[in-house]
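Asks: This is the structure, below, for whatever I ask next.
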């Protein structure tokens, strides 16, 4: 019996543990039931939690009116869960089943797995708001047209190719959004939606509209942007309630004149169409936008003979940032991508329709093949499918950053062809002083980027020999004698003169073969060489590089090279023992003195010598006898950029830290622009970096990065330095130290290279000798101020968050605190651009935020929301503006939450006034602060 009792004890303990776990799980689920809202989209296993609640049937569940689930749940589990909803949540008014809460490694939103809805959902008699955006719907679920009380239906970012005629049976529908699907036609029954006020069909494939659309008598907003419309039905002039009509990025050649006479119309957007002639009423109307149309231009003359059918003008496509592919037909098309890239496919470029995919990659060394003296001017564009040849060349326009130095340099588009990189014939087109395009023609698709390189002179070396002269430096010549090659070879010469390269450009730490023979000339300033050698009379000639990829490694006959003598040196007065011809071994990357191995022929101004292999050659005039190591150091100095590192904290949010690497001449201007919103220590001392060099920032002394980021490894933020691109990132930091006691004084240190397994301590690294072999570059202080009272508690990013008061709203209508705004930011997700536009932020600012925080969606949302809040601080109506923006962006769920927060704040304000005897007494008999009788007061 004792043995049996002993055996039962573990079982009883296990049973008690299981019961305890179940009780804890039930308590956790009940905690989610707050008021009439149940938000399970942000919790793992949301469907399991809801099924468990439905099985328990707690009284709070029957009060739920707003339900949110994630579209990323297992499809079968999601369907089983939704089947239980009509029986358990009969008061449900809003159902949100969105995808888009997960992102891939590049930050793009992933669609949910939802493909249909159970038929039983039509039994939700009170349902008024249904959001199925960012899912995988190919057809509209059959239960939706039977939801007679539905007022808002959101179907954006799905795969719908058509809408059923039954959709016209929704008598209460006021808002319908089907953006970014594959709609080609609209149902005739759409005109039966007499209560519809807002209709958004942008980002589809519509080429015609049914005339019945003019019967939407209550319609106030109609968005048809980014479709393929060539004409509009005249019935649109009957939309007497219309206030906003958006038609940009279509193929319209005409519009009904009556649109301008709609009585309530405040905006008619016709940008980027094919309008050549519009009525005067449209030209004079202040609310009409016509930019991007060929107004006043004549139609191109038809190439076909008289009587032949007229060929339609090439279609134009304008893609937004959420579209990563587009179709190309044999008719051809002109495409403008969201990143600013333009492509033109001529008619006949493809035999059959092809779907083209694109992606803009962040530059990194493996994707950026830079040769010596090259500078990167753009990101990396990938076009797929790779290697598919076109019957006619496709025109490509790439936006790039204007190079700071243009003399003796040229801009080229570099692409990967096969296994090697090559440069395409490129023409620079200037749209504005700071808006430049690199235009080239591509035979197939691959990776593309824009670089600045020394100017090239190209010739074809035949077996008979030839002479190649440098256009920028006529004294530099290469003579190819007869018989130097058996087959013709392409040879180009690049010239670089004037200042040392570290002052105007740079290049990567490794050289990759990316073209044919490349002679290059670079001059090092005499003062730089004298400072390096410690010799006042030292001088150096232009630096010449001869290189080739493919073919025989050398020439059959010696090639004669002519270089100018170093400045201040002539052939009549020089001391031959001080003249050194230096040769850089390509593989070992070391410099050798080969003066004794070649026959130097000197004239008054030039030195001539013969070589059989291409490499780097340099003439030095110095009394030093061993110059190989000095040549290596001088070579490094030619390749360096002088920069400063900064670390600033946002004034209203010290946890938001801006890290940036700036060229030395841009530091002052950048700080003047930032210091009204940021504060921090002085920039670091000047450090020297290579083009394409990796470095990282490590937060130390109790401070760490707050959130996971694609560019963050073990809490260290990774960078790649490119001299013409913005090397800036904003991160949120946190601390495990107690900021209620005192401020946290930490630091951020910058180190060279990729993130190692162990980062050296700053104090130890700082004692090392400064130079290119030093890992540590700089350390800047970071201070998180002390939290006072309840400041920072309950914030969205944790208890350590501290934000300066924003004063958004007022005491009587209600305040929105930093914590409230962070909650809003955490819920917006991919809808933040729509909210930003409705808040009044210009589209250019949205593009800037996307660029600055391109790896951090949370950073994009927070920066947008808090920068807007800062501008609205103290302004009346700011909270109301936010509410309207949320409603207009289809985020009624967040708007309801904000209203609840405001109501709670107003109630607390009233209570506080009454407690401090500031409110009139005796107005509310139920008020606990009402005046009491003398008797009760004496008690």
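For all residues, glycine too, the Cβ spot is worked out from N, Cα and C.
So TrEMBL has the following annotated:
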- 444: active site (ACT_SITE)
- 446: active site (ACT_SITE)
- 613: active site (ACT_SITE)
- 615: active site (ACT_SITE)
- 322-454: domain 'ZU5' (DOMAIN)
- 455-623: domain 'ZU5' (DOMAIN)
- 817-902: domain 'Death' (DOMAIN)
- 1-20: region 'Disordered' (REGION)
- 916-939: region 'Disordered' (REGION)
Asks: With DSSP, how much of the domain 'Death' (817-902) is helix, how much strand and how much coil, in residues?
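Replies: So the counts come to 69 helix, 0 strand, 17 coil.
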Asks: How many whole Å apart are the CA atoms of residue 615 (active site) and residue 444 (active site)?
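Replies: Computed Cα spacing between residue 615 (active site) and residue 444 (active site) is 32 Å.
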Asks: If you count the C-beta atoms lying within 10 Å of each candidate's C-beta, which of the active-site residues 446, 615 ends up with the smallest number?
Replies: 615
Asks: What are the sequence-distant neighbours of residue 444 (active site), meaning same chain, six or more residues apart, C-beta distance under 8 angstroms?
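Replies: Set apart from residue 444 (active site) by at least 6 residues yet with Cβ under 8 Å, we have 386, 387, 388, 389, 390, 417.
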Asks: Limited to the domain 'Death' (817-902), I'd like the whole-number average of pLDDT.
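Replies: Mean pLDDT for the domain 'Death' (817-902): 80.
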Asks: Measuring Cα to Cα, how many Å separate residue 446 (active site) from residue 613 (active site)?
Replies: 32
